[in-house]
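Colleague: Summarising the annotation, Swiss-Prot assigns topological domain 'Extracellular' to 1-35, 86-109, 171-207, 269-281 and lists sequence analysis as the type of evidence. According to Swiss-Prot, the N-linked glycosylation site annotation covers Asn12, on the basis of sequence analysis. Summarising the annotation, Swiss-Prot assigns transmembrane segment to 36-56, 65-85, 110-130, 150-170, 208-227, 248-268, 282-302 and lists sequence analysis as the type of evidence. Residues annotated as topological domain 'Cytoplasmic' in Swiss-Prot, with sequence analysis given as evidence: 57-64, 131-149, 228-247, 303-324. As annotated by Swiss-Prot, disulfide bond applies to Cys107-Cys199.
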Amino acid sequence: MSFFFVDLRPMNRSATHIVTEFILLGFPGCWKIQIFLFSLFLVIYVLTLLGNGAIIYAVRCNPLLHTPMYFLLGNFAFLEIWYVSSTIPNMLVNILSKTKAISFSGCFLQFYFFFSLGTTECLFLAVMAYDRYLAICHPLQYPAIMTVRFCGKLVSFCWLIGFLGYPIPIFYISQLPFCGPNIIDHFLCDMDPLMALSCAPAPITECIFYTQSSLVLFFTSMYILRSYILLLTAVFQVPSAAGRRKAFSTCGSHLVVVSLFYGTVMVMYVSPTYGIPTLLQKILTLVYSVTTPLFNPLIYTLRNKDMKLALRNVLFGMRIRQNS
């Protein structure tokens, strides 16, 4: 990833004007609206950090949560912190800025991290679906299959594939000539706005990028769907109502996160976006990049007794230390 920190301006110097920065319009409005948005996103960011940080701390400190399911959940919370950090801090700076400018290299760095972390999230959701499938459909074999070592390999696989998939296509996109307007009507550097500003068409690069993104979305979503079909079939065969409720409580929260994330991502990157208003595109991007990390702690702890107890112990322990 180190080559992303060098000058990423296009190699084609024949153009009369080379873009050295982009203007992110974000959410335009009067000063009062900007202050409201700044306060709103700052609160969302702090709550996201606190909520997901609490999950990480609870999983790390509570021996009862040292299981594959909570190990994956802790890593997922860590991922959510990085994912939301790829967008909101720059949004906050952009809201207060008069120029709304982001450097050329900074724009493509954000582009890289945003898509790499998004891909990692897709893979994590698939791995978590696999974990729930094994736990409910094959409970006897689960401890032998989902060992700590195997779980660590799955987590490493998600991070490696997520971050090794986009350096080359994004590097080639950064080498396209950007010699005209530099205004991006978005709050982040995304594929469609950047390609619209390029002075030369790049159908092959664009095709490779979208094919790669679509394949990740398709295969992970199909795997999750298959896992839940098998899982729900097994749940409905459980004779006791209490057993069915327990099974639903362990997988229901994951299903909510999957639906929220994939539903908005597919509207943005699988269906054509040229007919979608710009404001709606921004809102959809906010849902899967900001709202999902915010509600992740609430969704995963709402019906999970072990996690609620662990978080309660964390808060209780903090109060004791403050009073002592």
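Including glycine, each Cβ sits where the backbone N, Cα and C put it.
Mind running through what each feature is packed against?
Modeller: Outside the topological domain 'Cytoplasmic' (57-64), and at least 6 residues removed from its termini, the chain residues within Cβ reach (under 8 Å) are 70-71, 73-74, 77, 306-307, 310-311, 313-314.
Residues in the topological domain 'Extracellular' (86-109) partition by DSSP class (helix H, G, I; strand E, B; coil) as 15 helix, 3 strand, 6 coil.
Long-range C-beta contacts of Cys107 (disulfide bond), restricted to its own chain and to partners at least six residues apart, with a cutoff below 8 Å, comprise Glu21, Phe22, Cys189, Leu194.
Sequence-remote contacts of a segment are chain residues at least 6 beyond its ends whose Cβ falls under 8 Å from one of its Cβ atoms, and for the transmembrane segment (110-130) they are 1, 4, 72-73, 75-76, 79-80, 82-83, 86-87, 90, 102, 154-155, 157-159, 161-163, 165-167, 170, 173, 188-191, 194, 213, 216-217, 220-221, 223-224, 227-228, 254, 257-258, 261-262, 265, 288-289.
DSSP states for the topological domain 'Cytoplasmic' (131-149), grouped as helix (H, G, I), strand (E, B) and coil, give 13 helix, 0 strand, 6 coil.
Listed as Cβ neighbours of the transmembrane segment (150-170) (distance under 8 Å, sequence separation of 6 or more from its ends, same chain) are residues 1, 3-4, 68, 71-72, 75, 108, 111-112, 115-117, 119-121, 123-124, 127, 130-131, 205, 208-209, 212, 216.
Listed as Cβ neighbours of the transmembrane segment (248-268) (distance under 8 Å, sequence separation of 6 or more from its ends, same chain) are residues 69, 118, 121-122, 125, 128-129, 132, 135-136, 217, 221, 224, 228, 231, 235, 276, 281, 284-285, 287-288, 291-292, 295-296, 299-300, 302-304.
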Colleague: In terms of Cβ proximity under 8 Å, which residues at least six beyond the ends of the transmembrane segment (208-227) contact it?
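Modeller: Sequence-distant neighbours of the transmembrane segment (208-227): 115, 119, 122-123, 125-126, 129-130, 132-133, 165-166, 169-170, 173, 191, 258, 262, 265-266, 269-270.
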Colleague: Tell me, how many other CB atoms lie within 10 A of the CB of Cys199 (disulfide bond), whichever protein chain they belong to?
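Modeller: A count of 15.
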